[in-house]
Amino acid sequence: MGQTLVRLIAEDERLTLVGALEHANSPALNEDAGKLAGLDALGVKVTDNALNVMKDADGVIDFSDPSASAALSALAAQTRIVHVIGTTGFTADQEAEIEAAARHAVIVKSGNMSLGINLLTNLAKQATASLDASWDIEILDMHHRHKVDAPSGTALMLAEAAAEGRDVSLDEVADRGRDGLTGPREHGAIGISALRGGSVVGDHQLILAGPNERLVLSHHAESRDIFAQGALQAALWGGDKSPGLYTMSDVLGL
Ligand SMILES: NC(=O)C1=CN([C@@H]2O[C@H](COP(=O)(O)OP(=O)(O)OC[C@H]3O[C@@H](n4cnc5c(N)ncnc54)[C@H](OP(=O)(O)O)[C@@H]3O)[C@@H](O)[C@H]2O)C=CC1
Ligand SMILES: O=C(O)C1=N[C@H](C(=O)O)C[C@H](O)C1
């Protein structure tokens, strides 16, 4: 995602790349961010000194790792810049750290930055609010073989929306990953499953399996550009907002 962002920022005259961050052991340190993204040199060297970069920036766009994103949110609070978080796979404690940082910085966080998925999330809520619990809800994600977290952040967004539509707590009804002699499906459960393989950018389905009919809401990401475009839109949107924790629905006005 870093390389995709560098490319799209270089193409957008509203935006200037002032830094590119990696961790202290990254082989990319001191490399030119433009060259790493397959462009001409941009004169921006990759660094692990986040504070140094952030003090000169209006925003930081972050698709990295949960502990890195939680730490970065504290620096965003310190430097008062917009923090766009696309990273997925947070623990409850890391979510709480980000919420605390959002008292001092504009933080836009979403498990999926694309317009299509954020619209689908609304549709998921509408569909599950309209159908009773005789319709079983199953959510499926498929991603490339390099993805390290499961289920995807998007699958969890869809599950939250489905639970909200049905007016139940996701924690109480989520059924994550079946294996072995599971017994019959729990009435009212929201099933969440993950497939990994190949170079799939990101496929999601919300399946409503009812008595004698099945409704499938699905989204296929065809390029990672859609996530980067959403993140850049969020960074620009956040520029004149008050500190707080926002979502892509806020950015898109959905
Ligand atoms: N919300 C959305 O729309 C999207 C979210 N994502 C999420 O974004 C995250 C990253 O995805 P992706 O780009 O595919 O993953 P990659 O592994 O390709 O990129 C993550 C990068 O972050 C680096 N990194 C790890 N720790 C730190 C740190 N402490 N400080 C700075 N950089 C660090 C990694 O370095 P190294 O490889 O050396 O460890 C790597 O270069 C994932 O959580 C993914 O689920 C992805 C796409 C869209
Ligand atoms: O890791 C990815 O690639 C993606 N992660 C996000 C997720 O966990 O939902 C968004 C997108 O599907 C790509």
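Keep in mind that glycine also has a Cβ here, set from the backbone N, Cα and C atoms.
Listed features, source TrEMBL:
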type     : residues               : note
ACT_SITE : His143                 : active site, proton donor/acceptor
ACT_SITE : Lys147                 : active site, proton donor
BINDING  : His144, Gly153, Thr154 : (S)-2,3,4,5-tetrahydrodipicolinate binding site
DOMAIN   : 1-113                  : domain 'Dihydrodipicolinate reductase N-terminal'
DOMAIN   : 116-252                : domain 'Dihydrodipicolinate reductase C-terminal'
Exercise. Select one residue from His143, His144, Lys147: among these recorded positions, choose the one with the most other Cβ atoms within 10 Å of its Cβ.
Key: His143
Practice problem: Mind tallying the domain 'Dihydrodipicolinate reductase C-terminal' (116-252) by DSSP state, helix then strand then coil? | Solution: 52 helix, 39 strand, 46 coil
Self-check item: Least buried by Cβ count (within 10 Å) of the binding-site residues Gly153, Thr154
Solution: Gly153
Exercise. Taking the recorded (S)-2,3,4,5-tetrahydrodipicolinate site as His144, Gly153, Thr154, identify the other residues of that chain whose CB atom sits within 8 Å of the mean position of the site's CB atoms, giving them in sequence order.
Key: Thr88, Gly111, Asn112, Asp141, His143, Lys147, Asp149, Ser152, Ala155, Gly202, His204
Quiz prompt | Segment-level pLDDT (mean, integer) for the domain 'Dihydrodipicolinate reductase C-terminal' (116-252) | solution = 97
Quiz prompt | Rounded Cα separation (Å) that holds between Gly153 ((S)-2,3,4,5-tetrahydrodipicolinate binding site) and Lys147 (active site, proton donor) | solution = 11
Self-check item: Inter-residue Cα distance where the pair is Lys147 (active site, proton donor) and Thr154 ((S)-2,3,4,5-tetrahydrodipicolinate binding site), in Å
Solution: 13
